[in-house]
Amino acid sequence: MAGILAWFWNERFWLPHNVTWADLKNTDEATFPQAEDLYLACPLAFCIFMIRLVFERFIARPCALGLKIQANGPQKAQPNAIFEKVFTAITKHPDEKRLEGLSKQLDWDVRTIQRWFRQRRNQEKPSTLARFCESMWRFTFYLYIFTYGVRFLKKTTWLWNTRECWYNYPYQPLTVDIHYYYILELSFYLSLLFSQFTDIRRKDFLIMFLHHLATITLITFSYVNNMARVGTLVMCLHDAADVLMEVAKMANYAKCQRLCNLLFVMFAMVFVSSRLGVYPVWILNTTLFESWEIVGPYPSWWVFNLLLILLQFLHSFWSYLIVKIACRAISRGKVGKWNPLHVSKDDRSDIESSSDEDNGPPPAPVQKHYNSTTNGTNKAHGTNGYLSAGAPCPDEH
């Protein structure tokens with residue numbers, strides 16, 4: 001283990017030439033980032049998760065109910081032991097051959113069976129009320145941390161002159177503001193990572209898991225090798241668009257259509273301009289060129305910049321999706337009425353439905369196997385928010 005730790009913390013990888021970990025030990029005159037500082041983020045992440053539960057229960061939920069957002073969702077699937085066994089043990093999306101077999105076995109028509117599986121899948125999705133509460137929590141945190149970041153950074157020299165990120169690097173003292181900013185951001189994303197395993201699982205589970213993991217890696221990486229100054233710029237820049245996205249979702253769930261449209265347009269403008277304009281011109285320019293000129297490259301410098309460049313590719317892809325949604329809505333002539341967060345079957349949505357969804361339970365068919373249960377009645381159940389006609393589509397995140 002000692003050998004593995006010595007290899008992992010190799011000074012020639014993490015630090016510039018002629019700099020050692022001993023040079024960055026805390027003294028009475030200056031404090032520098034230490035890897036063990038990040039341990040604090042784990043218990044703090046748990047505290048943030050508990051705060052989220054309290055916030056959603058006693059603040060977000062009353063606000064949602066005040067906006068007349070109901071927990072009721074699509075109808076609950078009629079209890080059926082055979083279908084439930086197929087759903088839980090075999091597949092949630094039966095193919096045509098399996099549907100025909102179930103139809104013959106239970107004397108149900110294929111269309112009714114398809115409706116049952118669709119309703120059953122919807123039962124595992126969060127209700128509009130739950131998603132509103134989640135978005136309100138994220139909006140509150142993003143607004144707070146973005147406001148804190150702006151107030152902190154406007155007093156720094158590196159906000160106005162990014163070359164200050166590299167002067168006297170890595171001997172840049174760690175201030176209380178930077179430490180608080182980093183630990184809080186890291187704790188929040190750790191809490192999101194943990195909560196994915198307790199929340200109702202969505203179709204984009206893996207994508208969001210990797211996203212949170214990459215964010216945590218970047219925050220940790222930049223703190224350990226004391227690239228914290230440029231790290232604060234990156235975090236603040238990304239939080240700006242996230243604030244607008246979450247409040248746009250809240251307006252969507254509350255069915256405030258015009259406000260949702262306006263907020264989405266604002267979000268799209270901020271996202272595209274910050275991620276495709278400010279980020280490469282401001283952030284990548286200083287991490288690639290100004291740091292090369294002032295500090296020079298070393299192994300962890302290459303890794304850090306590679307991660308930032310990969311992030312730029314993700315920005316480009318997400319910007320393409322956002323512009324695509326907006327352009328398609330405009331081309332359909334629905335400006336003023338279109339909902340950018342209610343998207344069609346080839347974009348992002350949260351619920352499966354169909355144009356033939358009825359208002360009552362499927363007809364009770366004659367069954368050939370008496371071990372199945374079919375005498376239940378459907379009741380309104382809090383499951384979801386979006387409705388899109390046609391085939392199933394991916395979850396929104």
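Each residue, glycine too, has its Cβ placed from N, Cα and C.
Annotations in TrEMBL come from automatic prediction, not curation.
Here the structure is a predicted model, which means the values were calculated and not measured.
The DNA-binding region feature in TrEMBL is assigned to 85-128.
TrEMBL lists 369-381 with the feature compositional bias 'Polar residues'.
Residues or ranges marked as domain 'TLC' by TrEMBL: 130-331.
Residues annotated as region 'Disordered' in TrEMBL: 346-397.
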The DNA-binding region (85-128) resolves under DSSP into 30 helix, 0 strand, 14 coil
On the DNA-binding region (85-128), the mean of the pLDDT values is 84
